[in-house]
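Read the structure below first, then the notes.
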Amino acid sequence: MSGLNGFEGDNFYIPMSNRTGLVRDPFVYEQYYLAEPWQFKLLACYMFFLICLGLPINGFTLFVTAQHKKLQQPLNFILVNLAVAGMIMVCFGFTITISSAVNGYFYFGPTACAIEGFMATLGGEVALWSLVVLAIERYIVVCKPMGSFKFSASHALGGIGFTWFMAMTCAAPPLVGWSRYIPEGLQCSCGPDYYTLNPKYNNESYVIYMFVVHFIVPVTVIFFTYGRLVCTVKSAAAAQQDSASTQKAEKEVTRMVILMVVGFLVAWTPYATVAAWIFFNKGAAFTAQFMAVPAFFSKSSALFNPIIYVLLNKQFRNCMLTTLFCGKNPLGDEESSTVSTKTEVSTVSSVSPA
């Protein structure tokens with residue numbers, strides 16, 4: 001069905017009218033009428049870069065955590081959950097996208113498109129809700145609205161279960177008829193259908209549900225908890241209510257989690273903003289690149305969390321170096337890290353960045 005500024009097919013939407021006769025099915029034909037071939041090659045190179053970094057970084061994060069028992073602390077379970085989310089995006093999303101970019105169209109077909117869109121949405125939502133759990137944990141531990149509280153393994157596992165449940169309630173509906181996954185941007189990757197008003201799929205109600213429940217609500221919770229947390233940390237520092245080591249540990253853990261939140265928002269906010277604009281301006285003209293740039297930039301979120309974790313968590317850095325160098329840390333920080341870990345584990349929910 002051709003509109004003024006777009007063309008809707010059975011399983012796709014092209015942001016170009018077919019009055020020129022150029023529009024072709026993105027599952028069958030090359031899409032070089034949307035962009036020059038070099039742009040598809042550039043996209044393939046970008047995805048190759050993300051795979052080359054995302055796979056080893058997230059994979060090594062999981063491996064090092066499994067190798068070192070002192071990293072297997074409750075709050076670290078949530079951080080591992082973030083690495084799992086990154087692995088899902090890399091293995092089940094990026095690999096399909098790079099193949100499509102090399103070929104110039106989504107040649108795997110509609111079923112693979114649905115799988116790729118589902119996995120990308122699932123990974124992104126697991127990461128977002130994991131950050132919500134971390135934000136709530138920081139709020140409860142630092143602000144103490146419930147008095148003295150220790151984040152236990154059962155709390156961590158419950159939090160992980162919650163992240164996957166919420167992620168599934170966002171990613172699964174398009175697979176069962178509430179909206180759908182279709183190619184977007186340069187037609188090399190797939191996402192929810194923000195573009196059409198097809199009554200068969202009830203796209204409007206799903207998109208509103210997704211934006212409100214799975215973006216606005218979690219982001220609001222994160223901002224509220226960190227707003228309260230910053231005020232509490234400043235008040236505690238001014239009143240000297242806690243020891244200097246406890247305050248330092250709490251500040252450093254909080255800084256790490258805040259940077260993870262900032263990284264997620266930097267990666268995903270442009271995509272959410274553009275998707276919202278397209279949704280609320282149905283029929284408006286836009287280019288394939290207009291959606292492609294934020295869509296593919298959002299995929300970089302798979303790298304942010306493990307990099308921040310490695311840079312700011314001294315205990316993890318030492319364990320990583322010990323693993324890399326076959327049991328020896330070339331920096332010789334293992335002993336001091338162990339001492340600081342014992343102090344910080346008792347005060348900051350078993351996380352010890354330094």
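Glycine residues also receive a Cβ, built from the backbone N, Cα and C atoms like all the rest.
Marked as topological domain 'Extracellular' by Swiss-Prot on the basis of sequence analysis: 1-39 (among others). If you average pLDDT over the topological domain 'Extracellular' (1-39) in this model, you get 84.
Its own atom aside, the Cβ of Asn18 (N-linked glycosylation site) has 16 Cβ atoms within 10 angstroms in the protein chains shown. The N-linked glycosylation site annotation in Swiss-Prot covers Asn18 (among others).
Sequence-distant contacts of the transmembrane segment (40-64) (same chain, six or more residues past either end, CB-CB distance under 8 Å): 31-32, 71, 79-80, 83-84, 86-87, 89-91, 94-95, 97-98, 101-102, 104, 186, 188, 292, 296, 299-300, 302-303, 306-307, 309-310, 316, 319-320, 323. Annotated transmembrane segment per Swiss-Prot: 40-64 (among others), in sequence order, evidence recorded as sequence analysis.
For 65-76 (among others), the entry in Swiss-Prot reads topological domain 'Cytoplasmic', with the evidence type sequence analysis.
Per Swiss-Prot, the feature transmembrane segment maps to 77-102 (among others); the stated evidence is sequence analysis.
Summarising the annotation, Swiss-Prot assigns topological domain 'Extracellular' to 103-116 (among others).
The disulfide bond annotation in Swiss-Prot covers Cys113-Cys190. All protein chains included, Cys113 (disulfide bond) registers 26 other Cβ atoms within 10 Å of its own Cβ.
Under the heading transmembrane segment, Swiss-Prot lists 117-136 (among others), citing sequence analysis as support. Among residues of the same chain six or more beyond the transmembrane segment (117-136), those with a C-beta under 8 A of the stretch's C-beta atoms are 75, 78-79, 81-82, 84-86, 88-89, 92-93, 159-160, 162-164, 166-168, 170-172, 174-175, 181-182, 189-192, 214-215, 218, 221-222, 225-226, 257, 260-261, 264, 268, 298-299, 301-302, 305.
For 137-155 (among others), the entry in Swiss-Prot reads topological domain 'Cytoplasmic'.
Long-range contacts of the transmembrane segment (156-179) within the same chain: residues 74-75, 77-78, 81, 114, 117-119, 121-122, 125-126, 129-130, 132-133, 137, 192-193, 201-203, 205-207, 210, 213-214, each at least 6 residues beyond the stretch ends and with a Cβ under 8 Å from a Cβ of the stretch. The transmembrane segment annotation in Swiss-Prot covers 156-179 (among others).
Taken from Swiss-Prot, the feature topological domain 'Extracellular' applies to 180-205 (among others). Shown for the topological domain 'Extracellular' (180-205): DSSP residue counts in helix, strand and coil, namely 3 helix, 8 strand, 15 coil.
Residues or ranges marked as N-linked glycosylation site in Swiss-Prot (evidence: sequence analysis): Asn203 (among others). Cβ environment of Asn203 (N-linked glycosylation site): Ser179, Arg180, Pro192, Asp193, Tyr194, Thr196, Leu197 lie under 8 Å away, each six or more residues apart in the same chain.
If you look up Swiss-Prot, you'll see 206-233 (among others) marked as transmembrane segment, on the strength of sequence analysis.
Sequence annotations record features per position, and here Swiss-Prot assigns topological domain 'Cytoplasmic' to 234-255 (among others).
With a threshold of 8 Å between CB atoms, the same-chain residues lying at least 6 positions outside the transmembrane segment (256-279) that come near it are 82, 124, 127-128, 131, 134-135, 138, 191-192, 194-195, 204, 207, 211, 215, 219, 222, 226, 286, 290-291, 293-295, 297-301, 304-305, 308-309, 312-313, 351, 353. According to Swiss-Prot, the transmembrane segment annotation covers 256-279 (among others).
As annotated by Swiss-Prot, topological domain 'Extracellular' applies to 280-287 (among others).
Just so you know, of the recorded positions Cys190, Lys299, the Cβ with the fewest other Cβ atoms around it within 10 Å is the one at Lys299.
Taking H, G and I as helix, E and B as strand and the rest as coil, DSSP gives the topological domain 'Cytoplasmic' (65-76) the counts 9 helix, 0 strand, 3 coil. Across the structure, Asn18 (N-linked glycosylation site) and Cys190 (disulfide bond) place their CA atoms 21 angstrom apart. Long-range contacts of the topological domain 'Extracellular' (1-39) within the same chain, counting only residues at least 6 positions beyond its ends with a Cβ under 8 Å from a Cβ of the stretch, are 103-110, 113, 180, 182-183, 186-188, 193, 195-196, 198, 283-292.
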